[in-house]
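Here is what Swiss-Prot records for this protein:
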| type | residues | note |
| --- | --- | --- |
| BINDING | 166-173, 191-195, 213-216, 280-283, 309-311 | GTP binding site |
| BINDING | SER173, THR193 | Mg(2+) binding site |
| DOMAIN | 1-159 | domain 'Obg' |
| DOMAIN | 160-328 | domain 'OBG-type G' |
Amino acid sequence: MQFIDRSEIEVEGGRGGDGMVAYRREKYVPAGGPAGGDGGHGGAVVLEATANLQTLLDFKYRHRFEADDGTKGGPKNLTGAKGKDLVIAVPCGTVVQDAVTGETIGDLTEPGQRLVVAVGGRGGHGNTHFASNQNRAPDYATEGRLGQQRKLLLELKLLAEVGIIGLPNAGKSTLISVLSAARPRIADYPFTTLVPNLGVVRKVTGDGVVFADIPGLIEGAHQGVGLGHEFLRHIERTRVLVQLIALDSADPLADYRTVIDELGRYGRELLHKSRIVALNKADVCLPEEAEHWRRILSTETGEPVLVISAAARSNLDALLARVWQVLEAPQGVTT
């Protein structure tokens, strides 16, 4: 299941340093020739993939990036210092495109992989460069060139293994936000309301598992009502579905059947996907009422049904344990 997070940025390589006009002044060289050094080249802008980032959220607050300029050439034919490259960390899975031409520049998939996206300008020539038999003491040098400027579109494709589905009132986003708040090593990134909320959960082994809530699943979704078609397609690519049902609903059983009906109408194969059913919002109803609906839903599904409260952080460990159990089972085997 892939979601795309996009950010547009501007990058500019550093300007090259100017060349210098200078002459030899040693007393043993009475007719000193030119000795102006070249300017240093400007630094480049480089993207580097890292496993420590999961989203492009950093680029929401900063859009322009410039590498350092090269320094001016010096006397005695000294070349100016090269500008320092600007290395920008991006998540693995970032596809880089030229925002103007649409050309794909690169795809950063492995940690440590680098891509130069804007080269620095060349340093200018000092007057030594222009000496000739006709002009033994040129009194001019050239300026450094500007660095490359580009507008880039960054697209991040994340693979979500766990899809959280349910009607709009089921508490899907709350569940992800609570899981993230409870575990500092989980990165939570809120997309707009038109795309899923993602939360990266790290197991005790250190492996990251991407959870995504799937908005837009309402009655008529299979016909494209709301955002139905788009998100039902996303659901096809998950390994396991967590179906949340709100206990404060007038009829939790009807809510369950509505979602199942939409899944089946879109594609019968979705009904065979590993699915965990959880009654949410146990904090807003009596325990006996929650147990009543748990029994009904267990009979309906033929599977154990969990009772949780995302808001109260109740029984979430049991939910995650069940998710890990399903994910660790061989693919194609329902646990």
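Backbone N, Cα and C define each Cβ position, glycine as well.
Annotated features taken from Swiss-Prot, shown on the structure.
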{"residue": "GLY166", "record": "GTP binding site", "DSSP (3 states)": "coil"}
{"residue": "LYS172", "record": "GTP binding site", "DSSP (3 states)": "helix"}
{"residue": "LYS281", "record": "GTP binding site", "DSSP (3 states)": "coil"}
{"residue": "SER309", "record": "GTP binding site", "DSSP (3 states)": "strand"}
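The CA atom of SER173 (Mg(2+) binding site) is located 11 Å away from the CA atom of GLY166 (GTP binding site).
Residues within less than 8 Å, Cβ to Cβ, of LYS281 (GTP binding site) and separated from it by at least 6 positions along the same chain comprise GLY171, ALA246, LEU247, ASP248, SER309, ALA310, ALA311. Counting only residues at least six positions away in the same chain, the Cβ atoms of ALA246, ASP248, SER249 sit under 8 Å from the Cβ of ASN169 (GTP binding site). Within 10 Å of the C-beta of SER173 (Mg(2+) binding site) we count 19 further C-beta atoms, all protein chains included. A simple way to gauge crowding: the CB of LYS172 (GTP binding site) has 27 other CB atoms within 10 angstroms, across all the protein chains here.
Note on the domain 'Obg' (1-159): its mean pLDDT in the predicted model is 91. Once Cβ contacts within 10 Å are tallied over all protein chains shown, the binding-site residues GLY166, SER309 are led by GLY166.
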